[in-house]
Amino acid sequence: MANYFNTLNLRQKLDQLGRCRFMDREEFADEANFLKGKKIVIVGCGAQGLNQGLNMRDSGLDISYALRPEAIAEKRASFQRATENGFKVGTYEELIPTADLVVNLTPDKQHSKVVADVMPLMKKDSAFGYSHGFNIVEVGEEIRKDITVVMVAPKCPGTEVREEYKRGFGVPTLIAVHPENDPKGEGMAIAKAWAAATGGHKAGVLESSFVAEVKSDLMGEQTILCGMLQAGSIVCYDKLVADGKDPAYAGKLIQYGWETITEALKQGGITLMMDRLSNSAKLRAFELAEQIKESLGFLYYKHMDDIISGHFSATMMADWANGDKDLFAWREATGKTAFENAPKYDGKISEQEYFDNGVLMIAMVKAGVELAFDAMVASGIYEESAYYESLHELPLIANTIARKRLYEMNVVISDTAEYGNYLFSNVATPILAKEIIPNLQKGDLGEPTPAVEVDNITLRDVNDAIRNHPVELIGQELRGYMTDMKRIAVAG
């Protein structure tokens, strides 16, 4: 198999990267009706598998789970999750032959094996679904030509997909039809019904492509969503302790700080996050963000280039073949960092204190979001996709750090995201430690920024620069579709 994207000519590549259309709510008037009465079999019962299945069943669809015989015989976690929630569970041989839609929600590295196992069992003219297009785009998997191949990709962890649905809402979602596999022209109807069944149509759906979803998803998770949070956590904690701060306080400021400051992103973008600061602190955060961009800009664009070329996926798949040697080594090293082992702090940190004492962290968020967004757009990815894969998902990932620090983040995200995170953070961490940390001033981290005289013209120009960045302009439009977003921060 060959990387599918690399088999396309330039015109086709640009067309696929640029597929992005925000769908009207009226297009989902039929909701999930197209799939009602059809048999849907989900392969895999992890976070996405279980929670999408719960939503789809509650939307009136016929859902069952196909698991490997050993998972059933040994009553593994996937079997327990499915049966405890009242789902029918069976082997591939028992369930796949009668399925109208088979949804593959296993980890990326298992996709080729799953395809090889289920494809011979699937009935003629059925459909096959993904929630991430890596197997199609990067691995180059070729699906039987009579089978319709679609994607529904919620832009949230599986737990959030369920919680938002229970509130009568949903999470923003990308949908796509693989252009090589739509023999009956029903792909979009299937994808729309699936997205509606998960509740995604209530938060906004982008009609995208497998290519655009994969390339933007990989870029976001490697850089701002995971890599920047990991690198920032490590260097900020080390700096606080080196400055004599209580290690327990430093740990809590970082652990819950990302979540608290990015909650402002969710409600009002970078503009609101920066508005939580005093004028003196805002100007300093802006200055620091520009310095961080100068230091890390090349790394963001390198990751984007390696994702577009297929170099990243080839490197990671080589590690798969080597038993995940690098992944496991990097995971172990992360567990040994000082931040991961910081003592618990029982004191209270107010919401505003996270902003006042975290100016450097805010600068890292601003710089990281803008760099990731700009790199994606410069590579042909549309602004809507770039927004969802940078700013929108950041509060959700920050929330995982608030639970159990970097360990929880790396458990919740996919192995693909975790591998890319380490590639980025392993390079970004020493750069930040060498080029940014030594030049910090009093009030950049761990204590409030001292008040200084603020020039009206300077403040006006900085505010204009913040508010007029393209990620802010498209973000304001897209957040209009998500007016019922819940508050997720739990910091205390």
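Note: Cβ is positioned from N, Cα and C throughout, glycine not excepted.
Database features, via Swiss-Prot:
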| type | residues | note |
| --- | --- | --- |
| ACT_SITE | His132 | active site |
| BINDING | Cys45, Gly46, Ala47, Gln48, Arg68, Arg76, Ser78, Asp108, Lys109, Gln110, Gly158 | NADP(+) binding site |
| BINDING | Asp217, Glu221 | Mg(2+) 1 binding site |
| BINDING | Asp217, Glu389, Glu393 | Mg(2+) 2 binding site |
| BINDING | Ser414 | substrate binding site |
| DOMAIN | 209-344 | domain 'KARI C-terminal knotted 1' |
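Between the alpha carbons (Cα) of Ser414 (substrate binding site) and Ala47 (NADP(+) binding site) lies a span of roughly 10 Å. Same-chain residues that are not part of Asp217, Glu389, Glu393 yet have a Cβ within 8 Å of the Cβ center of the Mg(2+) 2 site turn out to be Lys155, Ser216, Met219, Gly220, Glu221, Leu225, Tyr388, Ser390, His392. Among the binding-site residues Asp217, Glu221, Glu393, none has a Cα sitting within 10 Å of the Cα of Arg68 (NADP(+) binding site). Looking just at the domain 'KARI C-terminal knotted 1' (209-344), the mean pLDDT is 97. Secondary structure at Ser414 (substrate binding site), as computed by DSSP, is coil. All chains included, 27 other C-beta atoms sit within 10 angstroms of the C-beta of Cys45 (NADP(+) binding site). Each residue contributes its Cα atom, and for Ala47 (NADP(+) binding site) and Asp217 (Mg(2+) 1 binding site) these two points are 18 Å apart. Most buried of the recorded positions Arg68, Lys109, His132, judged by other Cβ atoms within 10 Å, is His132.
You'll find the Cα of Gly158 (NADP(+) binding site) roughly 15 Å from the Cα of Asp217 (Mg(2+) 1 binding site). Considering only the binding-site residues Cys45, Lys109, Asp217, Glu389, Glu393, the residue whose Cα is spatially closest to the Cα of the residue listed as 'active site' is Asp217. For Glu221 (Mg(2+) 1 binding site), other Cβ atoms within 10 Å of its Cβ number 24. With a 10 A radius on its CB, Glu393 (Mg(2+) 2 binding site) counts 25 other CB atoms from all the protein chains.
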